[in-house]
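Undergrad: Below is the structure I would like to discuss, written out as structure tokens.
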Amino acid sequence: MTNPSDRVLPANSMAESREGDFGCTVMELRKLMELRSRDALTQINVHYGGVQNLCSRLKTSPVEGLSGNPADLEKRRQVFGHNVIPPKKPKTFLELVWEALQDVTLIILEIAAIISLVLSFYRPAGEENELCGQVATTPEDENEAQAGWIEGAAILFSVIIVVLVTAFNDWSKEKQFRGLQCRIEQEQKFSIIRNGQLIQLPVAEIVVGDIAQVKYGDLLPADGILIQGNDLKIDESSLTGESDHVKKSLDKDPMLLSGTHVMEGSGRMVVTAVGVNSQTGIILTLLGVNEDDEGEKKKKGKKQGVPENRNKAKTQDGVALEIQPLNSQEGIDNEEKDKKAVKVPKKEKSVLQGKLTRLAVQIGKAGLLMSALTVFILILYFVIDNFVINRRPWLPECTPIYIQYFVKFFIIGITVLVVAVPEGLPLAVTISLAYSVKKMMKDNNLVRHLDACETMGNATAICSDKTGTLTMNRMTVVQAYIGGIHYRQIPSPDVFLPKVLDLIVNGISINSAYTSKILPPEKEGGLPRQVGNKTECALLGFVTDLKQDYQAVRNEVPEEKLYKVYTFNSVRKSMSTVIRNPNGGFRMYSKGASEIILRKCNRILDRKGEAVPFKNKDRDDMVRTVIEPMACDGLRTICIAYRDFDDTEPSWDNENEILTELTCIAVVGIEDPVRPEVPDAIAKCKQAGITVRMVTGDNINTARAIATKCGILTPGDDFLCLEGKEFNRLIRNEKGEVEQEKLDKIWPKLRVLARSSPTDKHTLVKGIIDSTVGEHRQVVAVTGDGTNDGPALKKADVGFAMGIAGTDVAKEASDIILTDDNFTSIVKAVMWGRNVYDSISKFLQFQLTVNVVAVIVAFTGACITQDSPLKAVQMLWVNLIMDTFASLALATEPPTESLLKRRPYGRNKPLISRTMMKNILGHAFYQLIVIFILVFAGEKFFDIDSGRKAPLHSPPSQHYTIVFNTFVLMQLFNEINSRKIHGEKNVFSGIYRNIIFCSVVLGTFICQIFIVEFGGKPFSCTSLSLSQWLWCLFIGIGELLWGQFISAIPTRSLKFLKEAGHGTTKEEITKDAEGLDEIDHAEMELRRGQILWFRGLNRIQTQIDVINTFQTGASFKGVLRRQNMGQHLDVKLVPSSSYIKVVKAFHSSLHESIQKPYNQKSIHSFMTHPEFAIEEELPRTPLLDEEEEENPDKASKFGTRVLLLDGEVTPYANTNNNAVDCNQVQLPQSDSSLQSLETSV
């Protein structure tokens, strides 16, 4: 039968249809996905004959999915497109060269070199006039004078080398980051049904017609239409701006859109649009992902004088973006607000980044001052010597000669500046981070934001989940309470009556996600594989242990027959499924935290399988005799129950009425063993000065038992264990607001937060970060796996998401993904983070020594000899050594266990410690003494001609060649000294493990030999004899001996030494700058300093920000940041027939986590989660069972004291003491023991 829609297809669509051999075209599907609710249903039913018929047109099976035939998949990609957003083309090498040329100091040096080059060819009339000053006059010197152009050319050549090296580094960095980006994209997979099998497929390989399995926590990778759903709720705020979750069902609204988040429930959808044809892809295209086209349009608009009355896209609070309709009052009002808008605080940069920028500004100021002073003194010296002392007149024919001198002085000054400015600093940071990130992958840390790597080195606290992180996430049922009997081991199925066994099997098999399965082991003799939710897998394993087949039950009751599903969420803490009874009526199976489910039970099955009354007293006895002993063994307790309904259908939306009067079938104890390596890892954290806190949804007894096994709690420690409710009661005032002062009294001793919600976790993390208690501010790392962990992961300094158990939303919010979900991987991240910090410090120690010596030598030489002993080209070579090569050598040191034996650095600890300052000044002292002796007495010692006060264009001298060679060799050996920055004696320790370091030092030494022996005039060098080389080498090796002497001097005795490179302290922040970050304070200092052109130093920030090319996902804020904010969206781009509603588009959903969408290929990465936009306080969602609190007075009376591990009583109200041995704990009595125990699934 022909469908009506076949007759209304446009001609071009029919052509496409015939070409693709599908019953619908790309444009038809695009238009279909723009519809919502009833409109969409009408279109699907009227024009396509329902979802089933649409699947037929797309040649796919709603149950089996696509066959997976490669030819069919390729055909679908050709017709409907790939599920990727075309990335922006990477910058070409020439573009990177052009960017490197923009450096201010290099530009000035280039100009000076060109002037020098031009003047060298100019032969003024008065060149041979003695009144014009000291010029080469001998025949030999005249040849040299004619070769005066060489110096200018050599400087230009050196600049070209520096530029090419910089561009190559940038190119290789971008290439590496794109490689890392591809790795992240490969990690993003989605559940797809193909050929009847559920497989995990990379999102870029999804095609139109695929059947996708949708579940809680997923980030939808493509547009689709719902085929089957269970209590499905979607957060569409990323597209519509609507903050409420949207219920999706077959009869109301089946449209699922890419970039939206599954907040609840599960289901299946048929994919209808991918890539640029999906709703997210269309909007990204409109917003200008293809910047080149936008730029062309803007240029044309300017040429044609087009008035700019298009829409403005504005960012707000760094997280939200809103596009207003044309000429709307709302848009006008917002424009007015924009005019009055105050600068919004940006997200705080990393600790190291802020310190580096601040230090670079300080060094830059000092370098600029010394450079200007050098030029001034050289000119002053020249003027006084020629026009005052020698009383020479200023002759017109002498002007070009004087200009040549001035240009030479200027070149020397600029060269001093080039050496002084720490240009290698950003390179060292980037190399160190990139190297660390690459190596961290092998340690199961997939770094999404590069700065998180070094921030982890500063971590002072880790708030860790329990399940899967501290434990193995290999759950098994080991105890059960059924029919009034507590089974300490799994019983034989023969002990149960058939009807009881059926209730257990059905209650578990039906009331679990059908994606949770137990599969045979991969290797013979291995453990069965658990797929899906681990708690549900434990229950399914219990069914298997009872010799029953859960799959047979599911085949009898397929997902399509489930009448109503109340899926698990952080509010319900339970899951319930309703099915129709064959004999009429309904049956509902429920499972969840034992305390919550038992509170809703009024009957329980006895030994005979009969339902008997279950009173409050019975419930309390059960808690005391069954649940508490299980919890003290570290078991999670889950209750299974059911309820029958008659034929009269109740109001299923009234959960409080539905989820009552249950009959308890069983309570099971689930074991999740502690990972064997975790106690040792936590001991290392304690040694490293890092406090580990466990934040879990389990009850207090289970949490305390696990924390004790892990080593978080030890007997005798004065630490707190609190439940979420008690925690909130202690930190909030009468209005329910969190008070920092109250929180500051709790968190220092808090070690376990049990029965906590995601909001509690966020409150704790925010409180610790914002706290000013203690000597240093805390740097907090957090682990999370659920959708609701997004706010805490965002707030934390470093957010760790679980790679295996984590939802897409949690991964999008994280900085690092733990690919093995293991706590020990976090400890490795700490090691790498500290190693990055040490690598930067090593480089700083080395570079600042070079800076100090080179600048002082040039300055002093200028003052005394009217020339710099180190020539411009030589200094550029030194600059190349200490920038590119040294950063490569010192930034690639592998970490060692000794890094964990030190305390965290903290936010305000300086980059340059007093020990480092001792090393810098000590080695600078040695080098300066040697250089000055060589400059002023070297010719006598070596019996050679002096190179001081050489005339203009004079040939290179052996004297100054020895000075240059000795200087470079001292830097090479000091590079070995710089490997150790904490006063260690053995600087060669582990040197052979770092092949890069050895290669760089050896390579630099070989290059130095070639420069000295064959460099000639361009490098101002002449060849040296063997004895001169040996002397230079001996003085260089003296650096190592001198280093031993310096390390023997105790730093404590040198109290006059000061530290440098602090972060911004509170006292330094003015009132109007409180919202700004470290970078902003550094920039404000620059503005005060009136050194506008010196803002080229911000290359450091720019180069560190190459991190952004590596970050995953994208935000529209990132898209728009690259555009001129005055540029409006061209509404004409939107076809009237497919008008996209963008009135509040993407409101409160676009975030900073990822800033450059053009680096992303997968559309799956394009949206981040609206929950990440955190207000100062998050409203706490009340739990269902909180409404059933019998008496608030009893509750407060119940929690009166906290018992510490050493038995000491504190005034904190807490129902859950911290005693390790549950049998010795005197629990306070109350009407209901359940008030002390609340567990989450």
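Using the three backbone atoms N, Cα and C, a Cβ is placed for every residue, glycine included.
Annotations per Swiss-Prot:
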type: ACT_SITE; residues: ASP465; note: active site, 4-aspartylphosphate intermediate
type: BINDING; residues: ASP785, ASP789; note: Mg(2+) binding site
type: MOD_RES; residues: SER13; note: phosphoserine
type: MOD_RES; residues: SER328; note: phosphoserine
type: MOD_RES; residues: THR1102; note: phosphothreonine
type: REGION; residues: 294-318; note: region 'Disordered'
type: REGION; residues: 1086-1103; note: region 'Calmodulin-binding subdomain A'
type: REGION; residues: 1104-1113; note: region 'Calmodulin-binding subdomain B'
type: TOPO_DOM; residues: 1-92; note: topological domain 'Cytoplasmic'
type: TOPO_DOM; residues: 114-150; note: topological domain 'Extracellular'
type: TOPO_DOM; residues: 172-356; note: topological domain 'Cytoplasmic'
type: TOPO_DOM; residues: 377-409; note: topological domain 'Extracellular'
type: TOPO_DOM; residues: 428-840; note: topological domain 'Cytoplasmic'
type: TOPO_DOM; residues: 861-870; note: topological domain 'Extracellular'
type: TOPO_DOM; residues: 892-911; note: topological domain 'Cytoplasmic'
type: TOPO_DOM; residues: 935-952; note: topological domain 'Extracellular'
type: TOPO_DOM; residues: 975-993; note: topological domain 'Cytoplasmic'
type: TOPO_DOM; residues: 1016-1025; note: topological domain 'Extracellular'
type: TOPO_DOM; residues: 1048-1241; note: topological domain 'Cytoplasmic'
type: TRANSMEM; residues: 93-113; note: transmembrane segment
type: TRANSMEM; residues: 151-171; note: transmembrane segment
type: TRANSMEM; residues: 357-376; note: transmembrane segment
type: TRANSMEM; residues: 410-427; note: transmembrane segment
type: TRANSMEM; residues: 841-860; note: transmembrane segment
type: TRANSMEM; residues: 871-891; note: transmembrane segment
type: TRANSMEM; residues: 912-934; note: transmembrane segment
type: TRANSMEM; residues: 953-974; note: transmembrane segment
type: TRANSMEM; residues: 994-1015; note: transmembrane segment
type: TRANSMEM; residues: 1026-1047; note: transmembrane segment
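Describe the structural surroundings of these features, if you would.
TA: Cβ contacts within 10 Å of ASP465 (active site, 4-aspartylphosphate intermediate), excluding its own Cβ and spanning all protein chains shown: 25.
DSSP assigns ASP789 (Mg(2+) binding site) to a helix in the three-state reduction.
The region 'Calmodulin-binding subdomain B' (1104-1113) scores a mean pLDDT of 39 in the predicted structure.
For the topological domain 'Extracellular' (377-409), the number of residues in each DSSP class (helix H, G, I; strand E, B; coil) is 27 helix, 0 strand, 6 coil.
As a summary of secondary structure, the topological domain 'Extracellular' (861-870) carries 5 helix, 0 strand, 5 coil according to DSSP.
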Undergrad: Can you tell me how far the Cα of ASP789 (Mg(2+) binding site) sits from the Cα of ASP465 (active site, 4-aspartylphosphate intermediate), in Å?
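TA: That separation, Cα to Cα, works out to 10 Å.
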Undergrad: Between ASP785 (Mg(2+) binding site) and ASP465 (active site, 4-aspartylphosphate intermediate), what is the CA-CA distance rounded to a whole number of Å?
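TA: It is 8 Å, counting Cα to Cα.
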Undergrad: Let me know how many other Cβ atoms fall within 10 Å of the Cβ of ASP785 (Mg(2+) binding site).
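TA: If we count other Cβ atoms within 10 Å of ASP785 (Mg(2+) binding site), we arrive at 26.
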Undergrad: For the transmembrane segment (841-860), what are the same-chain contacts with Cβ under 8 Å, counting residues 6+ beyond its ends?
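TA: Distant contacts of the transmembrane segment (841-860): 359, 363, 367, 370, 373-374, 377, 412, 415-416, 419-420, 422, 424-425, 428, 868-870, 875, 878, 882-883, 886-887, 890-891, 893, 911-913, 916, 919-921, 923-924, 927-928, 931-932, 935, 967, 971, 974-975, 978-979, 981, 1061.
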Undergrad: Give the one range among 93-113, 151-171, 357-376, 912-934, 1026-1047 whose Cβ atoms make the most pairs under 8 Å with those of the transmembrane segment (871-891).
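TA: Counting Cβ pairs under 8 Å, the winner is 151-171.
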Undergrad: Indicate whether ASP465 (active site, 4-aspartylphosphate intermediate) is helix, strand or coil by DSSP.
TA: coil
Undergrad: Please indicate, using numbers and ranges, the residues of the same chain that are 6 or more beyond the transmembrane segment (1026-1047) and have a C-beta under 8 Å from a C-beta there.
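TA: For the transmembrane segment (1026-1047), the sequence-distant neighbours (Cβ-Cβ under 8 Å, at least 6 residues beyond its ends) are 918-919, 922-923, 926-927, 930, 942, 958, 962, 965-966, 969-970, 972-974, 976-977, 980, 983-985, 987.
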Undergrad: If you run through the topological domain 'Extracellular' (1016-1025) with DSSP, how many residues end up as helix, strand and coil?
TA: 3 helix, 0 strand, 7 coil
Undergrad: For the transmembrane segment (151-171) and the transmembrane segment (93-113), does the number of C-beta pairs under 8 Å, pairs 6 or more apart in sequence, reach 3 or more?
TA: yes
Undergrad: 10 Å Cβ neighbour count around ASP789 (Mg(2+) binding site)?
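TA: Neighbour count, Cβ to Cβ under the 10 Å cut-off: 30.
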Undergrad: Can you tell me which parts of the same chain pack against the topological domain 'Cytoplasmic' (975-993), counting only residues 6+ beyond its ends and a CB-CB cutoff under 8 A?
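TA: That would be 838, 841-843, 845-846, 849, 886, 889-890, 893-894, 896, 902, 913, 915-916, 919, 923, 1001, 1039-1040, 1043-1044, 1047, 1051.
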